[in-house]
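A single structure is presented below for examination.
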Amino acid sequence: MEDYELFNEKTSAIIYGFQTRAIQRMIDFDYVCKREKPSVAAVIRPTQNDAVAYHKVFFGVKEIIIPVYKSLEMATRNHPEADVMVNFASFRSSYETSKEALESDTIRTVAIIAEGIPERQSRILGKIARERKKMIIGPATVGGIRAGAFKIGNTAGTIENVVLSKLYRPGSVGFVSKSGGMSNEMNFMIAQNSDGVYESIAIGGDRYPGASLIDHLLRYEQNPKIKMLVCLGEIGGTDEYKIVEALKDGRIKKPLVIWVTGTAASILPKGLQFGHAGAMAGSDLETADAKNKALKDIGAIVPKTYDELGDKIKETFDKLKAEGKIDPVDDFEPPKMPIDYAQAVKEGLVRRPTDVVVTISDDRGDVPTYNKKGLDAIIKENQSLGYVIGMLWFKRELPEYAQKYVEMVIKLTADHGPAVSGAHNAIITARAGKDLMSSLASGILTIGPRFGGAISDGAKYFRMAKDSGKTPSEFINYMKRVEKKNIPGIGHRIKSVQNPDVRVVLLKEFVIKNFPKHPYLDYALEVEKLTTSKRNNLILNVDGCIGICFLDLLENADFSPEEKQDIIDSEALNGLFVLGRSIGMMGHIFDQKRQRARLYRQPWDEILYD
Ligand code: Q5B
């Protein structure tokens, strides 16, 4: 690359600051320019924990990943080919980071976006850049663009603007301004009145920019591909007189169309500052009128007003063209920019079949809903846990007695001591040093047909038996001979007629007292009479009682036969035991962890070695 060039089609940059939108805009620009490789080599995000992470971006329709480093040192070491740093650091840290980049061996150009960098620091940065023959664009700038090659950050705005201003391929005009905002407008104006911009730089509105207007104009002068110069100066400072000098001593020979903004200052109170830190006339020499006059006197093409600027650009360009000095532009239809999916959805341009259907809750609005009821209302109305379970499991506001029943089940099943399968497994797992989730999962995984998980099957078989008109004794025979299995919900390892399970007693009492009717419980108690007459531990157990009484709940609350079937088949009733017993199992896990209990080993004398 020649010294007078800052960027070409292969330029790649390191972006300081995790500016995802600006990064995507740069790569979108690369895509419409038909660059072979994206221009962002790496990103620096000093706040991240890892030395290196990755960020996904689109390059056209394809997704690519860009490394994100914790430090500039790592980024430059891994990407020596990247010779531009676009510095999005805030004004507080921009000085240190820009200095580090200027002092690196690989970074040649630093674009400093931050506004408000102390002038002393800007001057030091400028000095370092001059000494090391490097270029600073900014501070307080949007950056710049080499049409068809490289774009700094958010320069030129949206991709639509880039295309409208024909920035996807180079024209013949070298443009420089102080203002970044005006550079967007000027890129468009130049595209309307010539074959477009070759390079466009906004040096920034501070009093001490890293490089001045003349620095860029002299670069453009040397570049044979640039045929004419356009410059937008600004009230304040004496930078434009350096351009006058260059015109006078012949360092600038190419036609220069220039306008110094701020001519309205003459009708406004003296000393008024125009937006930028440097945009204030401290003396008559610094006024826009004085500068425009000096430039015109020395031969620059200066319009009468800003409104005439476009015409002057056109006249100058047409003249050069008539003289055969303008090479034909290698124009092409820029590739259509794929529209982001989220945007397309917003605009109603695409539709997509969903993969998941959810009918119980929604978290998209301000307030999450449970079965269409706002969580705020649920809390304000002080609804019970039974109510919430009703909404999320059964999609119903359960009647109050049913809510109470659900809560009672959860309380009654919360724990049954450490000896049962679930608690035992959870304890052993916790003592093996495993985490809460693993210990709980290992306990939950024991819940099944013999332990805690007989509720759904109990409901299923008792419902089938009663609804099909089987007598209790026919049901017992059917289970033994046809199904060839123990009746789910009957039998307990330690509870018996003589040692009744108090949980079952409490459940029965509650249901008989509160449920309008309880035909399934009545039926099950008849079955129990027969089974306990055979063996005294073949009682209606806690699983069975929960499931059978739930059949009565569904009956009382007018659930349809199909809904009942779905509730049974989906194992929602076993879910009550899982939910309740998780409370106890977690208690056991915390208990073991609190005690720092040692690894469990089953004593040999509890094992028969045969
Ligand atoms: N027999 C629960 O069995 C247990 C029979 C039966 C007809 C039956 C057994 C069973 C069905 C599943 C069930 C939930 C395995 C139980 C729970 C939560 C818990 C736990 C806790 C908590 C116990 C001996 C003889 C045999 C069998 C006959 C047994 N059950 N006949 N229907 N249901 N029940 N599970 O004592 O002629 O000698 O061959 O599978 O409802 O898990 O606290 O511990 O909160 O944590 O080991 O309460 O009843 O008896 O299997 O040796 O059978 O009785 O056919 O007859 P056992 P087995 P035979 S509540």
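Backbone N, Cα and C atoms are what each Cβ position is placed from, and that goes for glycine too.
TrEMBL does not curate its annotations; it predicts them automatically.
Pasting the relevant annotations from TrEMBL:
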DOMAIN    8-116  domain 'CoA-binding'
DOMAIN    176-299  domain 'ATP-citrate synthase/succinyl-CoA ligase C-terminal'
Please list, for the domain 'CoA-binding' (8-116), how many residues fall into helix, strand and coil according to DSSP.
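Here the numbers are 30 helix, 33 strand, 46 coil.
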Using DSSP, tally how many residues of the domain 'ATP-citrate synthase/succinyl-CoA ligase C-terminal' (176-299) sit in helix, strand and coil.
52 helix, 21 strand, 51 coil
Per-residue pLDDT averaged over the domain 'ATP-citrate synthase/succinyl-CoA ligase C-terminal' (176-299) comes to what?
89
